Amino acid sequence: MQLLSWLQKNWSVANFRRVPCPECGHSSPNEANTRMKGLTVLSLLLWLCAAYFVGIYLFVGGFLLVRLEVNRTSTCEDVLQPGEGPRDFCQTQPRFRKAVVLIVDALKIDFARFDPTRTTPRPYENKLPVLEETVSSRPTQSRLYPFRADPPTTTMQRIKGFTTGSLPTFVDVGNNFASSAILEDNLIHQLGQMGKRVVFMGDDTWENLFPKKFYRSLPFPSFNVKDLDTVDNGILQHLYTTMVGDDWDVLVAHFLGVDHCGHRFGPDHPAMADKLTQMDGVIRSVIDRLQNDTLLVVMGDHGMTDTGDHGGESQKETDAALFLYSPSPVFPGPPSQDEPDVVPQTDLVPTLALLLGIPIPFSNVGQVLLPLFPPPQTGGAVTRLSQLEALWINTKQVNRFLETYSGLAKDITPEILSELKAEFSRLSSEYLSTVREGRPPPPHLASSLQAYLTSVRDTCRATWARFNPVKMAAGLALLMFACLMCFVMSELSMVLTEEKRAGLKAPTAVAVTVGVGVAAAQLLARGYVEAAWCLAAGTFSSEVLFLCRAWRLNSPAVLKNGAKASKLSRWMSLRRLLLPSLVVLLLRCASLLSDSYVIYEGRVVTFLLLSLALCIPIHLNWNGHLLPPTPDPLKCAGLLPSPTLSPAAIRKESSTVLGCLGVLVICGYFSLSFHGCREEQGFCQPSPFLSPLSRLQDNQLKNLYYILSVISLAVCAYFLRLCLCHYGNLNSSGRTAFTARWILPLLCICTGLHWAVSATPEDGFRNLAELIRVAQLALPRAAFGLLGVGLSLIFVDPLTVFVKTRTAASARSSALPLPRYRASTGISPQAELRHLIPQIYQRMRRSLEDGELSGGAEEDNRPAVEAYGLGTVYSAPVLLFCGLLGIGLLLLHPEGMTLSFLLLLLEMGALLHIHASSTALSGSPRSTSGGFNVPWTPVVVWSLAATQFFHATGHLPTFPSIQWGAAFVGFPDGHAGTILPAFLVTLNTFASHILFAVGCPLLLFWPLVREVRGGRGGRGCGEEGEDAVMEMRLRENPHQFSAALLQLSTRYLFILGAQVFSSVCAAAILRRHLMVWKVFAPKLMFEASGFLVSSVFLLIGVTLVLRIDVAVGRWFKRLIPDVSR
């Protein structure tokens, strides 16, 4: 009778329309009404994402620093005209005929200093004694200075800085992997123009920046940070033989071993001591081979942090070393107090130019290093430039650049520009009058010229922002309307998934029309088309049209299934907008406008997540749902409505909520142990788990970390298989079950073996070196292959349902079997009885209509047809997809992050169980009119968890925290291009965003997966409740399924978009803030990138759900030809 009542009840479901059956004349459900509106859902989400993308693109285009490059070059004629007759500077004898420039990548100043009092120096200390010995023994021939770089401290930008003398902009950091040729005037170009033979060897970045500019070039691949020796050894094979020869004028050698050692092991490692000792020997050998007319420059392009990274603007990253030496005296004496304490990198450009007798590059804003030039002389022959002459040449060049640039860019304020022009006019008159009259220059003239050069550089640094306020405002407007549209769409999901109300045709047509119109107008007015404004106009018009149509929905719309859509006034009611979840979201967005909150974002997000999760049981208790009610005789007598759940079920679900809340708190607490550290956090120590095992020197500690990592990986795989096995999804013989049974464990094995091989010291097993090298290449690639095959199999065949037919006990049963389906959790009868799912199909309907049910009952009351895994047919493939993807992403992280990924899995499970139990306790209706909506609270908590584990996997919204080693997992020899390494680094950086975005549909499925059997209908008073049909409710209500999926996706996109909008507002409002380029601009870049990645993988997750629904429909068609559900 229980089965019969369920069937009779579901037979009258409102979303089925009875139509004649062509075979038997009976009515069958209308196939069109049992399909999800998958195309509608996907098209709406794509449109939303496109609106966000255009808004981000437009704002970023108007915000990021873009400096106008002046493509003009300096010549000999415009260098120096101190007197009445012009003096050809290029024809004078330069101070040095040759120069050797040794660039030791990441040679920080701490590596160059020598402290004899340290008896037990660290691996990077006192390993370059040649520098200190030379400075001490030959003070007139050498100097050692701190060499300060301008951020971003990445190699390509630094090369550009100390060859052009210009200041890089923030957006230049994005070009570090795709180095394009330098078009501005630079030292290499000027040397070539003057006939100097420039020979280069080392980092192949130079070849990309200066194509066909070298007399001879020996580039070596630079991107493989695990390779410490290839570049350095290649240089050493040619360096000394080249120096002995006479076919060069300037020799540039760029060593990479120190930088790569820092990336791979960190500075505090014996390998760093070996590389610095090698560099010490190189410098000694070069000094011994120098001639008197040759200048030696040993320099670092940037420094490194305590973890070996760089890219930011901390002092450890910006302060490199600069060592100058010549066999002949070049300095007047030992270092004096007048000499600079720190030399900016841009100052090297005019200094080298004048010492080598070439014009200073046109765009240079640096100033000459005066100790390398003699003081002014009043009598005798002048054989080389004096300090004052060098300053005048430098000042005249900088003023010429300032005049040219200000005439082109118009971004320097007129007041400052007029002050600088007036100051130069005064200094020019004073200097020229001194030269004409032949009198000694006044003492203050040199310092005045230096002050002018400093003022120009500071002005350029402050004004090279070129913010485009129109683009920024347009981007803000588009993002604001996209957020509003996303919120409205989440509230109108039931209406928008109606076939005739999707409403995308008109907005798309308007967007295309407006975009084409703007393009035509630009072409007629300007003669060219700027695509950004065409996209902006089309997006804005479509957004406005959609919002106008939504505003007209003031009356509730009655849907096909009888449900009523929300009224507009109900969306924007203050009560709905002040939900605790939305208040927490508002606090989260507001915190992005504070640099302190951004710096400590990891802890702030963890606090907000736990606070919001704690509100769930408080809210349940406030409404009287957390504890079972007092028994009331009137309810059992039927005089009052029965409780939704029985007391036992309430106690069970309450225990689940409180227990999972405890797990959530524990996971949140321990996740803080995996955070990295920002420079602004003072004495913060980064997590030891962030270091790869190869960096650890203690073998016992290395073994312990490895064992913990492998155990954590095994626990993750075990929990995943346990969940699938519990709900009977592994009984299937399909491709998805094959993936869970075989590909998942094989992927874990490859990952564990890869960790073991990567942690092996290079000199540990010399006899097996070749085998280890092959394993480092083969194991991760095999894992990537297994991952790709597994994910593809899930998409191709996502079903995890196993059907078993039992032999009928009687002749009548055999003649007319009574099929019934259950989504069993396993083979055992006890497990089967927990998840019985009856399904309507043709033969059961005939039995009901013909009254033949009496002969169909089986002796043991068990169903004739059992379908294992049917109750979790949607969630199981999504869960397995997330699990496989998580292990693949784990492969790109340090081994110690496995513990963090285990915490991520536990927290994800705890959040799902809290959501499911709270839904059951609150008695959310799942009838046809109620829908399957997911409240705001679990969606907000889900998004906060994604940000929490962004930090808990060692990431920070700073460029130095990017884990570049991910690009070489499976590619130890480097890459031929830049797309693949950038893709791998992106997957590593946004791993948590990816997992939570793909797993977002689980919030819709999990309350159905954990649906309480017999929980509805007064079970507590002795009545028989209905069966827990789990996810088959979605198949019975396809329109509400589509609406719920659209609502969940748009709510998640709204939360992500609100955070991006807040970051955009912070960057726009605080664009002149002291911390804008250190805190707010990087945060904007990471937030926008995280949104792009999350939205793409959210679409992948939704597409997977739609693919599963199509597969389920086909499965039912094959099983029951007349019914398509």
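Note: Cβ is positioned from N, Cα and C throughout, glycine not excepted.
What TrEMBL says about this one:
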type	residues	note
TRANSMEM	472-496	transmembrane segment
TRANSMEM	508-525	transmembrane segment
TRANSMEM	531-551	transmembrane segment
TRANSMEM	577-598	transmembrane segment
TRANSMEM	604-622	transmembrane segment
TRANSMEM	703-720	transmembrane segment
TRANSMEM	740-757	transmembrane segment
TRANSMEM	778-796	transmembrane segment
TRANSMEM	873-892	transmembrane segment
TRANSMEM	899-916	transmembrane segment
TRANSMEM	1052-1070	transmembrane segment
TRANSMEM	1090-1108	transmembrane segment
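In this chain, the transmembrane segment (703-720) lies close to the transmembrane segment (899-916): three or more C-beta pairs between them fall below 8 angstroms, excluding pairs fewer than 6 positions apart. Here the transmembrane segment (740-757) has long-range neighbours at 693, 706, 709-710, 713-714, 717, 720-721, 724, 729-730, 772, 775-776, 779-780, 782-783, 786-787, 789-790, 793, 800, 880, 883-884, 887-888, 890-891, 895, 969, meaning same-chain residues at least 6 beyond its ends whose C-beta is under 8 angstroms from one of its own. Tallying C-beta pairs under 8 angstroms between the transmembrane segment (1052-1070) and each of 472-496, 508-525, 778-796, 899-916, 1090-1108 places 472-496 first. The list of residues near the transmembrane segment (604-622) in space but at least 6 beyond its ends in sequence, with Cβ under 8 angstroms from a Cβ of it, reads 580-581, 584, 587-588, 591, 597, 654, 657-658, 661, 664-665, 668, 671-672, 911, 914, 918, 921-922, 937, 940-941, 944-945, 947-948, 951.
Packing against the transmembrane segment (778-796) from elsewhere in the chain are residues 735-736, 738-739, 743-744, 746-747, 750-751, 753-754, 757, 877, 880-881, 884-885, 887-888, 891, 969-970, 1104, 1107: each is 6 or more residues past its ends and has a CB under 8 Å from a CB in it. Outside the transmembrane segment (873-892) by six or more residues, the chain places 713, 716-717, 720, 723-724, 727, 729, 736, 739-740, 743-744, 747-748, 751, 754, 780, 783-784, 787, 790-791, 794, 798-801, 823, 898, 901, 904-905, 963, 966, 969, 984, 987-988, 991, 994-995, 998-999, 1001-1002, 1005-1006, 1009, 1031-1032, 1034, 1101, 1104-1105, 1108-1109, 1112 with a CB less than 8 A from a CB of the stretch.
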